[in-house]
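Per TrEMBL, these features apply:
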- VAL113, SER114, GLY115, GLU196, GLY197: S-adenosyl-L-methionine binding site (BINDING)
- 29-49: intramembrane segment (INTRAMEM)
- 1-28: topological domain 'Lumenal' (TOPO_DOM)
- 50-61: topological domain 'Lumenal' (TOPO_DOM)
- 130-172: topological domain 'Lumenal' (TOPO_DOM)
- 195-211: topological domain 'Cytoplasmic' (TOPO_DOM)
- 29-47: transmembrane segment (TRANSMEM)
- 67-84: transmembrane segment (TRANSMEM)
- 96-121: transmembrane segment (TRANSMEM)
- 170-195: transmembrane segment (TRANSMEM)
Amino acid sequence: MGAFSFEVTLARITGPEFIEFMWEKINTAPCQVAILAMILHVANYNVTARFEHNTRGFTKVIGKNAIYFYAVYLILSALIRDHFIHLAVAPDAGSLILLPASIATVLGAVCFVSGALLNLWTLKSLGIKGMYNGDSFGFLFDAPVEDGPYKYMSDPQYVGTTLSLVGTAIYYQSVIGYVLAIDMYIIFWISVMFFEGPHMRRIYSKKPKAE
């Protein structure tokens, strides 16, 4: 897929040739499988969180440490998603040259590492139970988390994951990488707005208020 590239100019990037180029890239099996993997990963943790909250199914089968097994399960799910993203982006290297190679390598690496560090910072603030749907397992916070990255943004784990994917796109100078980064942000936004947010509000609306 990376055998051909698009020379970027303002005239070309706003013209029909670029639209055709983008469509050809998106309409490939690796790109579509990667998008499907991102959707299924988000659907996975939304569905399983609701299943646990409504039935306590995982806790009944595994016991009080079910949340830790569930966290490993979600990490493996994310790694599978990332595997399919890599299969789409790496062969597409050099398809959209926006920067000199040396700058793209450094900037891409910085973005990727910054995203990973932001996720680790989020994990430090939330803990494993908070990071991996612990609320659905009955581990509720007494108050909203407002320290760490939550001083600056509401969903830092999603910002971190998207930033790492942007870094991957820059590193490989891949048009598919940029497309997947945009798709990932949109998928996360839809999840937060229409699934995770309402689910969390239902959980905490039932929590007994402290005297």
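Backbone N, Cα and C define each Cβ position, glycine as well.
Features recorded in TrEMBL, as mapped to the structure shown.
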{"residue": "VAL113", "record": "S-adenosyl-L-methionine binding site", "Cβ contacts under 8 Å, 6 or more apart": "GLY167"}
{"residue": "SER114", "record": "S-adenosyl-L-methionine binding site", "Cβ contacts under 8 Å, 6 or more apart": "GLY160, LEU163, SER164, GLY167"}
{"residue": "GLY115", "record": "S-adenosyl-L-methionine binding site", "Cβ contacts under 8 Å, 6 or more apart": "VAL159, GLY160, THR161, THR162, LEU163, SER164, LEU165, VAL166, GLY167"}
{"residue": "GLU196", "record": "S-adenosyl-L-methionine binding site", "Cβ contacts under 8 Å, 6 or more apart": "ASN46"}
{"residue": "GLY197", "record": "S-adenosyl-L-methionine binding site", "Cβ contacts under 8 Å, 6 or more apart": "none"}
Original post:
If you measure every Cα to Cα pair among VAL113, SER114, GLY115, GLU196, GLY197, the residues listed for S-adenosyl-L-methionine, what is the largest value in Å?
Top reply: 28
Subject >> DSSP-derived helix, strand and coil totals, residue by residue, for the topological domain 'Lumenal' (130-172) >> reply: 27 helix, 0 strand, 16 coil
**OP:** Averaged across the topological domain 'Lumenal' (130-172), what pLDDT does the model get? Just tell me the whole number, please.
**Re:** 95
Original post:
Is the transmembrane segment (67-84) packed against any residues at least 6 beyond its ends, judged by a Cβ distance under 8 Å, and which are they?
Top reply: 30, 33-34, 36-38, 40-41, 44-45, 48, 52, 58, 128-129, 131-134, 137, 139
Original post:
What same-chain residues lie close to the topological domain 'Lumenal' (50-61): Cβ under 8 Å, and 6 or more beyond its ends?
Top reply: 69-70, 133, 135-138, 199, 203
